[in-house]
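Have a look at the structure below, then the notes.
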Ligand code: AQP
């Protein structure tokens, strides 16, 4: 089947996958493969912007590819690959480093968070790659002329920067694009794809922080490979207030931890928050937490089992990633050839 819209998204192999990656990204990817041409990448080049042990990097790369498939992505429908197997990502990323402005990068909140705030107090410690991360992300998307990108709330600022880079490239090279026979812009300006209610899963220990692979406390994060007992233990120990659950969503205002747990329940069960509170309103955590643990296990355990089966067959995983990379390259190569000509590289 041919589709008019192309989707690109990715996850970086920088730690064990968690419930936030599943609800905010992977689960949203699945239905898109029936309505769009889809490329789902394991962005290993992004992962090394922060030091990664090479053995872990490989393991997590296979794990993410396995999670994509275990959660329902079909490698015949979706192009599943790891970024470093398509070298054009790096090449276009470099060209975009020369299109993007330093000031744009300096405004990125993710960099500021990791480099220590406005003043970048920690900037001696962080890599140059971390600073340039958003232009590589722009290259990931625009290398395939993707028109739609499903990302969580936390990545919206980077996608805005991708749009700015696409516009500036189209503007700066307007004459050459035309001289080479182009009728309009070379790159499309991609849109954020809204797929269901915005969901940012928060840390189980602090409702003001997102659940994250790199959180120092394991008890803050439900990993996709956690077993049933560990999931139940983490949910039991999740920070909450002493009040009972309200009967409607408005009653969760100012109760970040409660809002997070109810949001997770709603998302896992494909129900609205009001609907969930209609069932649990007036109940205490002693009732809600075990129900949330059971639901989490019911959803995650079959996926984790399938992930384990898939990662145990490295040969098959290598075949899937190699085939995905070859298919990705058939899209990327002509785009990159066009970019080289536009920029004026002799080839
Ligand atoms: N807590 C979250 N809630 C909802 N969505 C989330 N995503 C990540 N955390 C949450 C979504 O998962 C996708 C892949 O993210 P990534 O691995 O490329 O980078 P990240 O957002 O930086 O993820 P982490 O877990 O926080 O990694 P570290 O700790 O290494 O920086 C994205 O679509 C993201 O929105």
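FYI, residue positions are counted from 1 along the chain as it appears here.
Note: Cβ is positioned from N, Cα and C throughout, glycine not excepted.
Since the structure is predicted, the reported quantities are computational estimates derived from the model, not experimental observations.
Segment annotation: TrEMBL labels motif ''KMSKS' region' over residues 210-214 (candidates 205-209, 210-214, 215-219). Note on TrEMBL: of 4-12, 13-21, the range annotated with the feature motif ''HIGH' region' is 13-21.
Only 12, 14, 21, 201, 213, in sequence order, out of the binding-site residues 12, 14, 21, 140, 201, 213 have a CB under 6 Å from ligand 1. Of 12, 21, 153, all annotated as binding-site residues, the residue with the shortest Cα distance to residue 140 (L-tryptophan binding site) is 12.
Within the set of binding-site residues (12, 213), the lowest number of other Cβ atoms found within 10 Å of a Cβ is recorded at 213. Note on the motif ''HIGH' region' (13-21): DSSP counts are 3 helix, 1 strand, 5 coil. Considering only the residues assigned to ATP binding, 12, 13, 14, 20, 21, 152, 153, 154, 201, 210, 211, 212, 213, 214, the longest pairwise Cα distance works out to 19 Å. Distant neighbours of the motif ''HIGH' region' (13-21): 42-44, 46-47, 50, 52, 57, 60-61, 63-64, 67, 152, 200-201, 210-214, 221-225, 264, 296, 300; these residues of the same chain sit at least 6 beyond its ends, with a Cβ under 8 Å from one of its Cβ atoms.
Here the motif ''KMSKS' region' (210-214) has long-range neighbours at 14-21, 50, 154, 200-204, 220-222, meaning same-chain residues at least 6 beyond its ends whose C-beta is under 8 angstroms from one of its own.
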